Amino acid sequence: MNRVGSKPSIIEGLNESEETTGPGIHSLPAELIIEIFSNLDFKSLNMAALTCKLLKDLCKDSALIKNLFFKSLPETAKTLYRTTIDDTFLWQSLMADAHMRSTSGKIEPTLTKIKPTSTRCLKLINGKIFAAAITGAIEVFDGTTGKEIKRLEGHTLEPRDFKMFDGKLISASSDNTIRIWDLEKGETVRVLGGHAGSVIKLEVYKGTLISTSYDKTLRLWDINSGKELKVLAPPNYLHGFCLSDGKIFSVAGDYFYIWDAANGNEIKVIEYPHPVKNFIAANRKLFIASKKGVIHVLDIETNELKKLEGHTKFVTTMVESNGKLFSGSEDRTIRIWDVDSGRELWTLRGHSDQITHIKVLDKNLISYSLPLIPRRFDDQTIRLWDIDTGRELRKFDTSNDFNPVLSLCSLQLSVGKIIAWSSKTILIFDFSQKPQNPII
């Protein structure tokens, strides 16, 4: 604070009216400046672009932006082709992610609400929202504007799952069939019949489709021909499976079965005489939610079993990404684990009910919680977390849009965008529609 009447001091070098006389970064070759900028994060790069036109132009260097995109958004980058990416798309994606992660309080999302026909299943794929109606129709919405762009008719009962392969939509339905669609024409290309119960889950491995049904079978199909390749029906199988590393994992009775996803040949059967709440597979490991909050990590090559202990109640949901395991529990916490060491990295607290949904993309985690018995004043918040620090970045209240009894059915996460839906409402929180201002 300056005393009254005293002359304020001037810090030498920060007087904007004074011209710089010494050699600065501007005197360096452009190639060297770009090399220096390649070590900056996106926020720092934006701040550098503010200083002058030269640096602003260099910050838009195509190779620089492409490398920053693949470094900052590695999971998103896996779904894209380096040679076909537009520079504007890369910059806008980085900006949208930074806007979403901003904690300044100055950047809020655009909220779009969609009222579809009673929705039983929803997926965000390639920027489009696919919503399934109880009538069997599939409504296709633009993931940015919320505008309906197509309606697919063919199923006679509600679709239960969606997958995309080679530009075609694949849908599984309670009418016991699977349909492959030409999205441009809005027409059915092929109908796959064979299941004797509702088809509830799909996975795709290269050109092979894997489906499961309430008829207690797994079936493999050739997507291009529609031919059924194999039927898998282990004793006591219900309908749970997952796909990882080209292998199908399923639990049946006291055993885990592992098959080759390309041909359905059995690879291994592992005895596991413990109750299984749920499970996922990744990087040659099975992550099994067992009793009392314990997570078992089973190495499928050595059969070595490790325990992750920390949760105090049942684990309700798990996701693996980049060597980390993310688990949500009835104990109202989310825990982040290092898979190799088994060490707990972070415990995320804030929700007041059991964790029901977790989605992970790049450095972002979103979560939702729901009480065991729906009540008038439950949590009903979507929370965004920073994976590297365990810090809560944002909280979105859905209580005005979601009836506690109906509640949230699913969460979808993409760059700069969060999509949540109940059976009657779809919410799109979109951070990509903001002006191209620097991140503050």
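Keep in mind that glycine also has a Cβ here, set from the backbone N, Cα and C atoms.
These features come from TrEMBL:
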REGION    1-22  region 'Disordered'
DOMAIN    22-73  domain 'F-box'
REPEAT    169-191  repeat 'WD'
REPEAT    192-231  repeat 'WD'
REPEAT    308-347  repeat 'WD'
REPEAT    379-395  repeat 'WD'
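Same-chain residues lying 6+ beyond the ends of the repeat 'WD' (308-347) with a Cβ under 8 Å from its Cβ atoms: 74-75, 277-280, 282-283, 285, 287, 289, 291-297, 353-360, 365, 367, 369, 372, 385, 387, 389-390. On the 0 to 100 pLDDT scale, the domain 'F-box' (22-73) averages 87 in this prediction. If you look at the repeat 'WD' (192-231), the same-chain residues 6 or more away from its ends with a CB under 8 A from one of its CBs are 157, 160-163, 165-166, 168, 170, 172-180, 237-243, 246, 248, 250, 259, 261-264. Counting same-chain residues at least six beyond the ends of the repeat 'WD' (169-191), those with a Cβ under 8 angstroms from any Cβ of the stretch are 125, 130, 132, 136, 138, 140, 150-152, 154-163, 197-202, 204, 209, 211, 213, 221, 223, 226.
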